[in-house]
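What follows is a short report on a single structure.
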Amino acid sequence: MNLHEYQAKQLFAEFGLPVPEGFACDTAQEAFEAAGRISTAKKVVKCQVHAGGRGKAGGVELHDTKEGVKEFAQKWLGKNLVTYQTDANGQPVTKILVEEASNIANELYLGAVVDRATRKIVFMASTEGGVDIEKIAEETPELIHQSAIDPLVGPQAYQGRELAFKLGLVGDQIKQFVKIFMGLGQMFSQYDLALLEINPLVITGEGNLLCLDGKINIDSNAMYRQPKLREMHDPSQEDEREAHAAQWELNYVALDGNVGCMVNGAGLAMGTMDIVNLHGGKPANFLDVGGGATKERVAEAFKIILSDDNVKAVLVNIFGGIVRCDMIAEGIIGAVKEVGVTVPVVVRLEGTNADLGREVLANSDVDIIAAVSLTDAAQKVVAAAEAK
């Protein structure tokens with residue numbers, strides 16, 4: 001689960017990190033009033049969306065007057081912001097962050113991720129702040145400095161000092177950086193984060209450090225024990241189909257093809273998408289129904305897939321392990337009838353009672369195309385999609 005910038009900064013402040021004074025606003029009038037409460041002559045106004053590249057897309061501006069701030073809010077609230085990280089529709093803007101402008105002398109980068117290979121939290125710091133860190137990692141990896149935190153021990157001050165020295169910080173800046181490092185390390189573990197970034201972490205004209213932007217991603221598997229963070233969830237930033245899938249514990253990712261895919265198991269789902277591509281088709285989605293391919297879950301999966309108008313055919317690829325293929329076949333038939341599927345449906349069953357499952361499909365009164373192999377299924381669904 002992602003957080004907005006203003007939410008990330010709220011957490012930063014909770015752990016004693018320096019952040020600009022700012023207010024998240026729902027209306028243009030609130031933005032106008034917030035601008036009046038900020039002491040600096042210039043105010044920064046930012047659209048709050050779960051995407052980068054806001055500045056280049058016009059979603060971040062600097063204003064001298066309260067009226068300018070209000071006009072910005074009127075322009076964007078209720079609209080969609082399209083950036084290089086969004087699709088063509090963009091992300092809806094429901095909040096505007098109004099905050100004090102900062103006197104920036106230099107920009108740094110500070111971030112942290114979980115390194116699954118070492119089972120540690122790895123902090124990354126660079127003097128190249130304010131730019132795409134992936135580009136820096138590819139072109140000049142020597143400019144990125146790392147420090148690994150053992151989650152059983154927690155962040156240590158000496159690790160923060162080492163990074164501060166590598167960043168060229170001096171004097172009181174080192175103490176400030178260590179405080180930021182320690183706070184982020186504690187936050188990462190306490191809130192079950194998967195990723196955090198401060199980009200940029202700026203050095204102000206007065207020589208102080210300031211968290212100018214913030215990005216936080218929380219491990220969705222840990223949300224059950226993070227009630228505070230659950231309340232920060234903004235469903236408006238999610239694809240409607242993906243949100244629907246999450247309610248049914250279905251793993252769904254929308255793509256831009258015309259062949260809907262319903263599979264049990266992430267690995268099999270990826271293999272299915274590959275073979276559809278191999279035979280000239282384009283998958284419309286990744287959808288893993290998991291181990292419990294019940295009639296109800298299959299029906300919801302069909303609803304999600306068919307809510308995409310680009311879908312011209314659906315491939316159901318199920319491997320029956322614990323769940324028998326004949327039971328899965330009955331569930332598919334019931335789901336097709338319930339949903340009223342109008343596009344061709346190709347079904348490939350393999351595993352426990354696969355022959356019986358195919359017999360159930362063949363004897364049903366619904367129009368389902370049975371496949372005897374994965375290659376056969378891919379060829380049939382691609383042909384069906386092209387014929388529509």
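Every residue number used here counts from 1 along the chain in the order it is shown.
For all residues, glycine too, the Cβ spot is worked out from N, Cα and C.
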Per Swiss-Prot, Gly321, Ile322, Val323 bind substrate; matching candidate in Asn258, Asn264, Asn277: Asn264
Least surrounded among the binding-site residues, given as Ser102, Asn199, Asn264, when other CB atoms within 10 Å are counted: Ser102
Cβ packing number for Glu99 (ATP binding site), 10 Å threshold: 23
Binding-site residues listed as Lys46, Arg54, least Cβ neighbours within 10 Å: Arg54
